[in-house]
Structure formats: structure tokens, C-alpha cells
Amino acid sequence: MPVITCIDDLKRIYKRRAPRMFYDYAESGSWTEQTFRENVSDFDQIRLRQRVAVDMSGRSTATQMIGQNVAMPVALAPVGLTGMQCADGEIKAARAAEKFGVPFTLSTMSINSIEDVAEATTKPFWFQLYTMKDTDFVSRLIQRAKDAKCSALVITLDLQILGQRHKDLKNGLSAPPKLTPATVANLMTKWRWGIGMLGAKRRHFGNIVGHAEGVTDAANLGAWTAEQFDPTLDWGKIARIKEEWGGPVILKGILDAEDAKMALQVGADAIIVSNHGGRQLDGAISSIKALPSILDAVGDQVEVHLDSGIRSGQDILKAMAMGAKGTYIGRAFVYGLGAMGEQGVSTALEVLHKELDLSMALCGRRRIDELDRSVLMVPEDFAGRWQ
Ligand SMILES: Cc1cc2nc3c(=O)[nH]c(=O)nc-3n(C[C@H](O)[C@H](O)[C@H](O)COP(=O)(O)O)c2cc1C
């Protein structure tokens, strides 16, 4: 059993064990990957203020996100094709999240279906919705999420059209994988993954195949998804979906203060400052740099969450001290899952928790609600003066 001390350890094992096509799918950003890189490197610009001789006993990372108790302010972000990183990946990740006491968000583009995850867990999870042209299908998805007792709907706004990741095109990414000679050669070296997949409950998109008109198998799925994302999505449609859902709504993919104000107007319960992990608009600013202006605009009226670039508990601490009320991890849990399945996701959460807890202590803070900007040393022009 390897000694895991940080998220990077999990990433190294994940790289060895997962098929190249799926590793590349997770570990890339759009076009030049500038935004993907800066999501991580911009966190490094912020420093923590060390304090000493403060009673550190009785610490807790527990808090709430949208009124729900969480063991630490971290949710698992929706990640498409999670069940291709590891057999039954969504079920395993959801179970690890449940055991740890943090929310799991199931992607519309998951391999395990809403019903699969509901059956394998005992507490409500969150469902992420991509709006599609087929409104009947969207309504059925919403109903299925309600039937499964999902406790929040996360509507993703930054993927009306798909950003381009060069590696996915070159690898011919698909679920199940396209069997080109190169893919077969690579898969032969991934025996652990292959054995797992042989016994997997599903190998293509569980929320779609058999549920969307005309999609009966993976062959016609590709064409369906390519033309299904809704380029006409607007705030009116978002308001209608919120009404149809009737429960807590989190709007994901806000990077601009003006959009944050619109999200407020449609009555979002929370917004996620996010650039989709650098997978959509390459050249957009990092989420952590976008956070201050969005907090200034709406922070006192709506819960502001953040994702993109979180790889450590120190990053979580920085986002929370800046003023976020919760964070999400995408790749950080995928690394764990691809490395060691459910145990790997648990390990990722434990690593982040330990880093968050110790960093809080060394900053002289014992509770999440004691975190504020005085914990941080932020470069003067951190958010930048963009014209
Ligand atoms: C492999 C992968 C697949 C993703 N799929 C989805 C998805 O289906 N729906 C969605 O809203 N976001 C999706 N995202 C974006 C994540 O929800 C989240 O915004 C992002 O991963 C955060 O950045 P991080 O990976 O640096 O933590 C995906 C991200 C990755 C890495």
C-alpha cells in the first residue's frame, strides 16, 4: 500500500492505472490550457498569515452549504464519464462522499444513472443539469432527480456549446472507448481497470441511453449529444427550470459580476464561481481571481461557492477566507477514484481535510466561520485591473 500524503500522490497512481484516453480527458483544459494552468497557479499567489500562541483545541471544519450540514466546505463537483475512470465510478465517489459527510453532485453525463446512485446511497445527493434542446427529456430528468430525492439542482451555465480539448479529439474519446490499435495497446497495459470494467454495472451514459428519444445505444448517443446542448439557453429558461424543480438551485459557471447579479434575480440559492476547470473559455481568468469582484457584487445576498483549481486544503482555506461559503473539487477526487476507487476518493477527502484543519490551526482559527480576509496576504493587484 503506497503512502499517500497529498493529492499529487493520487494523481501519479491514477496516471499509471487509468487508460490514457480518460486520464487525458480529465487532465486537460481547452485550447492552450492557459486558464486550466492559472486556476492552480493563481492560488499560489495568495499567502497565509501565520499566527501563534492561540488556543487551537476543539477545532472543527464543519459548516453548511445551502443550509445542509457538511463535514467540511467541499462538495464533489459534477464530472462527466466518472464511471469510465473506474468501474461504477459515480457510485464509488458518491459512497465516499456520503461516508465523509460532504455533498456528491451527479453529472447529467454520468455513466451510473440517477437511480443507480440513489440505490447505492442512503443520503440525498445533488444533481447537475445540462440544459438540452429536447425539453421533454430535460423535464423527465428533473422528475427523475426529484423521485431520487436529490436535495439540490446544480444548473451548469457555461457549456451551451462545447469547448475544444485537443487531446480528446486526437484520442477519439468515447464511452465505451473506440478500439483503435493505439487504444487497444494502451488498454492492454491497464489490466486492473479492464477487470473492473468487465464487472461494471454500466459502460455508457446511464441518464441518457434508453431515456432520450432515439438513443438506444452508444452508437447513436454521440450524434445525439453533439447536437443536444442548447445554444439558446437564457435567463428566462433558467427561471422556468428553477420553477419546475421547486427546490434549492445552484447556478454553476459564473465568472462575471454582471452574470452573478442576473443569477440573483432568478432566485438562485447559491452560485458557483467557476470556469469549468479551464475546460471551456481558454483565456478566461481563474476562478480565485474572479471571486473578489463577484463577492463585492452579490456576496451579501446569495451564497457564493467556488471551484476550479483546488488541489489542497490550503486552497480551500484561501477560497473560504476570501469569502466563499463552499468549494468543489473535480480533478482532485477523480485522481483518487482512478488511483484506488472508493478508497481513493476517501483518501483524497482525508488529505484535503487534514490540510485544511492544520492550516486553520496554524492561522490561529478554530472554526470555518472565523475565516476572513485577515487570514490572507493577497498581492495588491491580485484581482487585476482588466479594461
Ligand atoms: C473530467 C471532467 C469532466 C467534467 N464534467 C462536467 C459535467 O459533466 N458537468 C459539469 O457541470 N461540470 C463538469 N466538469 C467541471 C467540474 O464540475 C468542475 O467545474 C471542475 O472540475 C473544477 O475544476 P478542478 O477540476 O480544477 O477542481 C468536469 C470537469 C472534469 C475535469
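Here the Cβ of each residue, glycine as well, is placed from N, Cα and C on the backbone.
In TrEMBL, annotation is done automatically, which means it is predicted and not curated.
As recorded in TrEMBL, the features of this protein are as follows:
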type	residues	note
DOMAIN	1-381	domain 'FMN hydroxy acid dehydrogenase'
BINDING	Y25, R165, H276, R279	glyoxylate binding site
BINDING	78-80, S107, Q128, Y130, T156, K252, S274, 307-311, 330-331	FMN binding site
ACT_SITE	H276	active site, proton acceptor
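Within its own chain, I310 (FMN binding site) has F43, V74, I316, A319, T327, Y328, I329, A332 as residues 6 or more apart in sequence whose C-beta sits under 8 angstroms from its own. R165 (glyoxylate binding site) falls outside any helix or strand according to DSSP and counts as coil.
Proximity of the binding-site residues (P78, G80, R165, S274, I310) to ligand 1: a Cβ under 6 Å from the molecule is found for P78, G80, S274, I310. Among the binding-site residues G80, Q128, T156, the residue whose Cα lies closest in space to that of R165 (glyoxylate binding site) is G80. By a simple count of nearby Cβ atoms, those within 10 Å, the most crowded of the binding-site residues H276, R279 is H276. Residues within less than 8 Å, Cβ to Cβ, of S274 (FMN binding site) and separated from it by at least 6 positions along the same chain comprise D158, K252, G253, I254, L255, S287, L306, D307, S308, Y328. When the Cα positions of Y25, R165, H276, R279 are compared pair by pair, the longest gap among these glyoxylate-binding residues is 13 Å.
In terms of C-alpha distance, the listed binding-site residues Y25, H276, R279 place H276 closest to Q128 (FMN binding site). The shortest Cα-Cα distance from G330 (FMN binding site) to any of the binding-site residues (Y25, H276, R279) is found for H276.
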